[in-house]
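Engineer: Dropping a structure here in structure tokens format, bear with me for questions.
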Amino acid sequence: MSLSQGTELKSPAEGTPSPGDATLTKNEDGSVESNGKEYYMSGPKLGLLIAGLCLALFLLGLDTSIVSTAIPRITKTFNSTTDIGWYGSAYFLSLCALLPLGGKLYSEFSLKWTFLGFFAVFELGSLICAVATSSNMLIVARAVAGAGGSGIVSGIMTIIAHTIPLKQRAGYMAVGGATMGISTISGPLIGGALTQRVSWRWCFYINLPLGAVTAIALVTFFHPPVRPNKQRPLIERAKKLDIVGAFLFLPAIIMVLLALQWGGNEYPWKSATIIGLFCGFGGMLLVFITWQLHRDAGAMIPLGLLGRRTIISSSLTSMCVFGSLFVVIYYIPEWFQVIKGASPVKSGVMNIALFVPQIIGSITAGTMITKIGYCNPWILAGCVFTSIGAGLFSTFKVHSGHAVWIGFQVLSGLGYGFSMETPLTAAQTVLTTEEAGVGISLVTFFQFFGSSVFLAIAQTVFTNTLVSELTKNVPQVDASTLLRLGTSAVRGFVTKEELPAVLAAYNKAITSTFYVAAGASACGFFAALLSEWRSVKGKDTAKQTVKV
């Protein structure tokens, strides 16, 4: 349909205005302005867009877990056992370090094309991983994929914020949480099947055709209004990005994540390398904060956001909940494989008792928040459930049966489902649409940062406990060699007579990590108490004039 000058028409085909009826007016310059009300999508187009976004989220979640079962074949191809840690850490380093910058990009540039740009980088990284001819090439490609992934999660949540009313968002975010749960379950299974039947390279090739479906969905069905701040000259908008802040933040986060990755593994915690990295992080962080104060409202992370109780609460709660979750999903499979002798694929099947309730809990919380309006009860209940569940995991014995490990996983899974994505919804009750990109990226950053921090703490607890138990009870077994060989080699490394004592030592070490998970969830509970009780139904959704 064409528009003449000054022509008004009802809401565009791709969206439904809310609240009330909105109109569009074509200006002399050819742009189309709204009457100041938000445009929200509905109907089949919204369904197809959400399906495309969920597929992108599935691929991102898959990328974090599918590599685990492919690593043995990868190291065999490149003779690169010493690089195992980098295949995961390179991805998370770039993902965490670039998350805040992604939020700023979404605030200043086209939401649609910025997301597609990040997604293209993710797909490019996947392609380079698939065709990698050396271990170093694979590591660099994983970093490229992580850089692209840094804008995918926050981009999806920002797109939801622009297309769905706040009171309905919790349900859609729950679908996102369920999608992540499904991808986490299926990652090792799909990775194992592809590696065994075709090649480990297909763990990365799989992203390309599926990613094309997401790109088509975005291009075809998503036509967001262009806001006035995005009509400014390109140079003016580029200045708003705070590139200096990004260059200060990037090395700070890389240094602290490397310190957490290497501490107790590559280097002793008291080594000059680890201490130097922590000192460098502290120094760069101080410079970064000073610069952010100087930039004020134009900062990459506006400190005004951090002054809001709900943003602080949501960020800290997300950090603790995701930290607890990653400790559990990392060490529960370890327990299955070492103590129960399960294969990686079978341990993934045994893990279903955790992830199916997580999906159910996520959908339940999202549905109920849409009805009652408040996120707080579900976050608090989730933290209580996960604290208790992780505490119960710490009581695992070598001979614990199905009823024990299934029941405890169900309780924890429900808790993680209640509290994983809910803080993101709570944060949006105090964010304007213009702040959504930066605010969502901030909370998402704390999710991934918390995962790294608490996993590092859990790894230290595991290593120290295992070495202590082996030295005390099986002194003839070389603990350092056992750690270097990995969990899959435990039963083949020790004698039949030594095995019971070694398994007891591993059981003690693994179950000790669950104290970290329980503590993280408890901290998440107290952080959640800081949040304001704001209903998703009570926020005024009318906004300033927009252009489409």
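Placement of Cβ uses the backbone N, Cα and C atoms for every residue, glycine included.
Heads up, here are the entries from TrEMBL:
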DOMAIN    49-536  domain 'Major facilitator superfamily (MFS) profile'
REGION    1-32  region 'Disordered'
TRANSMEM  46-72  transmembrane segment
TRANSMEM  84-101  transmembrane segment
TRANSMEM  113-133  transmembrane segment
TRANSMEM  139-160  transmembrane segment
TRANSMEM  172-190  transmembrane segment
TRANSMEM  243-263  transmembrane segment
TRANSMEM  269-291  transmembrane segment
TRANSMEM  311-332  transmembrane segment
TRANSMEM  377-396  transmembrane segment
TRANSMEM  402-419  transmembrane segment
TRANSMEM  440-462  transmembrane segment
TRANSMEM  509-530  transmembrane segment
Engineer: Would you kindly list the residues that approach the transmembrane segment (269-291) from elsewhere in its chain, counting only those six or more residues past its ends and only Cβ-Cβ distances under 8 Å?
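Structural biologist: For the transmembrane segment (269-291), the nonlocal Cβ contacts are 244-245, 248-249, 251-253, 255-256, 258-259, 262-263, 299, 460.
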Engineer: How about the transmembrane segment (113-133) and the transmembrane segment (243-263): at least 3 CB pairs under 8 Å, pairs 6 or more apart in sequence, or not?
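Structural biologist: Per Cβ check, the transmembrane segment (113-133) does not touch the transmembrane segment (243-263).
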Engineer: Most CB pairs under 8 Å with the transmembrane segment (46-72): which of 139-160, 172-190, 243-263, 377-396?
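Structural biologist: Looking only at 139-160, 172-190, 243-263, 377-396, the most contacts with the transmembrane segment (46-72) come from 172-190.
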Engineer: Let me check one thing: do the transmembrane segment (84-101) and the transmembrane segment (509-530) come into contact, meaning three or more Cβ pairs under 8 Å with sequence separation of at least 6?
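Structural biologist: Stretch pair does not touch.
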Engineer: Cβ under 8 Å to the transmembrane segment (377-396), counting only same-chain residues 6 or more beyond its ends: which ones?
Structural biologist: 317, 320-321, 324-325, 327-328, 332, 335, 339, 361, 365, 368-369, 404-405, 408-409, 411-420, 422-423, 426, 507, 510-512, 514-515, 517-518, 521-522, 524-525, 528-529, 531
Engineer: Sort out for me which stretch, of 139-160, 172-190, 243-263, 402-419, has the most Cβ pairs below 8 angstroms to the transmembrane segment (440-462).
Structural biologist: 243-263
Engineer: Which bits of the chain, at least 6 residues beyond where the transmembrane segment (139-160) starts or stops, bring a Cβ under 8 A of a Cβ in it?
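Structural biologist: Distant Cβ neighbours of the transmembrane segment (139-160) are 49, 53, 56-57, 60, 63, 83, 86-88, 90-99, 101-103, 105-106, 111, 114-115, 117-126, 128-129, 132, 169, 172-173, 176, 222, 224, 424, 436-437, 440-441, 444.
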Engineer: Could you tell me what the rest of the chain brings near the transmembrane segment (509-530), counting residues at least six beyond its ends with Cβ under 8 Å?
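Structural biologist: Those are 309-310, 312-313, 316-317, 319-321, 323-325, 327-328, 331, 334-335, 338-339, 376, 379-380, 383-384, 386-388, 390-391, 393-396, 415, 419, 423, 450, 454, 457-459, 461-463, 465-466, 469, in sequence order.
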